[in-house]
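What follows is a short report on a single structure.
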Amino acid sequence: MARTKQTARKSTGGKAPRKQLASKAARKSAPSTGGVKKPHRYKPGTVALREIRRFQKSTELLIRKLPFQRLVREIAQDFKTDLRFQSSAIGALQESVEAYLVSLFEDTNLCAIHAKRVTIQKKDIQLARRLRGERS
């Protein structure tokens, strides 16, 4: 057997295609549903972390103004009817409520981390309030 000279061939850069299994081939040959592309989804937690960073940077109020105002008026009705509020008073209340909630959630998160969890639970909020002396 005589040796022959081998010539260089252009490489495609990939592996040789493998034979498909019968079930895969049947699936691929089945008619597609109009070529509808699935919407892009991020991994669980990615969007949550992005929102956390965004809200930590921002300083604007996160509770909508009108629903908060309705809630304040509804609670005030239990104490005295026909109470009037200045818009600045409602704004000051909303600022303090949001500051309180942010602080409570920070303490709640510390309680969850102490319990070696990353998800806050009702018992974490209860513990945080108890440690603050707000609830006996």
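Backbone N, Cα and C atoms are what each Cβ position is placed from, and that goes for glycine too.
Residues or ranges marked as N6,N6-dimethyllysine by Swiss-Prot: K5 (among others). In this structure, K5 (N6,N6-dimethyllysine) belongs to neither helix nor strand by DSSP; it is coil.
Cβ neighbours of K5 (N6,N6-dimethyllysine) (same chain, under 8 Å, six or more residues apart in sequence): none. Taken from Swiss-Prot, the feature N6-methyllysine applies to K5 (among others), supported by similarity to another entry.
According to Swiss-Prot, the feature N6-methyllysine maps to K10 (among others), an assignment based on similarity to another entry.
The N6-acetyllysine annotation in Swiss-Prot covers K10 (among others).
Annotation comment: Swiss-Prot describes K24 (among others) as N6-acetyllysine, evidence class similarity to another entry.
Swiss-Prot lists K28 (among others) with the feature N6-acetyllysine.
What Swiss-Prot lists as N6-methyllysine is K28 (among others).
Taken from Swiss-Prot, the feature N6,N6,N6-trimethyllysine covers K28 (among others), and the record attributes it to similarity to another entry.
K37 (N6,N6,N6-trimethyllysine) carries neither a helix nor a strand DSSP state and counts as coil. If you look up Swiss-Prot, you'll see K37 (among others) marked as N6,N6,N6-trimethyllysine.
What Swiss-Prot records for K80 (among others) is N6,N6,N6-trimethyllysine. Secondary structure from DSSP puts K80 (N6,N6,N6-trimethyllysine) in coil.
Counting every protein chain shown, the number of other Cβ atoms lying within 10 Å of the Cβ of K80 (N6,N6,N6-trimethyllysine) is 7. Feature annotation from Swiss-Prot assigns N6,N6-dimethyllysine to K80 (among others); the stated evidence is similarity to another entry.
According to Swiss-Prot, the N6-methyllysine annotation covers K80 (among others).
Swiss-Prot lists 1-43 with the feature region 'Disordered'.
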Inset, instruction - Between K80 (N6,N6,N6-trimethyllysine) and K37 (N6,N6,N6-trimethyllysine), find the distance joining the two CA atoms and give it rounded to the nearest Å. - result: 58
